[in-house]
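The block underneath contains the structure these notes are about, expressed in structure tokens.
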Amino acid sequence: MRKYVIMGVQGSGKGTQGGLLAAGLDLVHISVGDIFRWHVKNHTKLGAQVRRLVAAGELVGDDLVADVVRDRLQLHDWNYGFVIDGFPRNRRQAEFFLESYDLDGVIHLDLPDEEVWRRVLARRLCSRCGMDYNLIAHRPEVEGRCDVCDGDLVSREDDTPDALARRLGDYHSKIDPVLELFRGKEYVMTIDARADKATVQRAIRTRFNLPPYEG
Ligand SMILES: [Zn+2]
């Protein structure tokens, strides 16, 4: 069984890389962001709570994140292991996680803040079908329109410069200490996340001596 944590600032591609790694090694990809987005989309009670926080420009609290992750891991559907992204969010959670799960490694996707700005502010979302676009990496064929359903492309409501500055500040103040903790106890591999996604995935596999990426 293999258990990994993948860490990186928003826009570093940790969702994509976690997904590729999980698909290739038969692991379960646990993305805290995806779990919350699912709840928002399906109008659950938790989703309503998250929506209120986001609308108020606040972040989802660490304890709420910890509850969601604990519930998810308790499903025990990860026979071959898991890749988790979006957790742990502070040192206390990291210590608890290290005591509870025997991690095989921590993948740290390193992306300079100026590149985060460029990537995140280029993201667009179809207001009708929800398809993701990116004005740098995945441009729509017709400006401002969805290729699939011709819906209007909009920014995510939390992708404003103010909100991004706040999230970046929050990330560094909380996650940098978590990384320090992991560096002292676990196998942390820092991967340059500026390359294209196949190159980044190959680098992850090489650094952890995993089967090569065929994509
Ligand atoms: Zn669409």
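Every residue, even glycine, has its Cβ placed from backbone N, Cα and C.
Automatic, uncurated: that is what TrEMBL annotation is.
In TrEMBL, the feature region 'NMP' is placed on 31-60, out of the ranges 31-60, 61-90, 91-120. The candidate list Arg139, Arg167 contains one residue that TrEMBL assigns to the AMP site with Arg37, Glu58, Leu59, Val60, Gly86, Phe87, Pro88, Arg89, Gln93, Arg156, namely Arg167. One way to see the shell of the Zn(2+) site is to take the Cβ centroid of Cys126, Cys129, Cys146, Cys149; the remaining same-chain residues with a Cβ within 8 Å of it are Ser127, Arg128, Gly130, Met131, Asp147, Val148, Asp150, Gly151. Each residue contributes its Cα atom, and for Arg37 (AMP binding site) and Cys129 (Zn(2+) binding site) these two points are 14 Å apart. Ser12 (ATP binding site) carries neither a helix nor a strand DSSP state and counts as coil.
In this structure, Arg123 (ATP binding site) is part of a beta strand by DSSP. Rounded to a whole value, the Cα-Cα separation of Leu59 (AMP binding site) and Gly11 (ATP binding site) is 17 Å.
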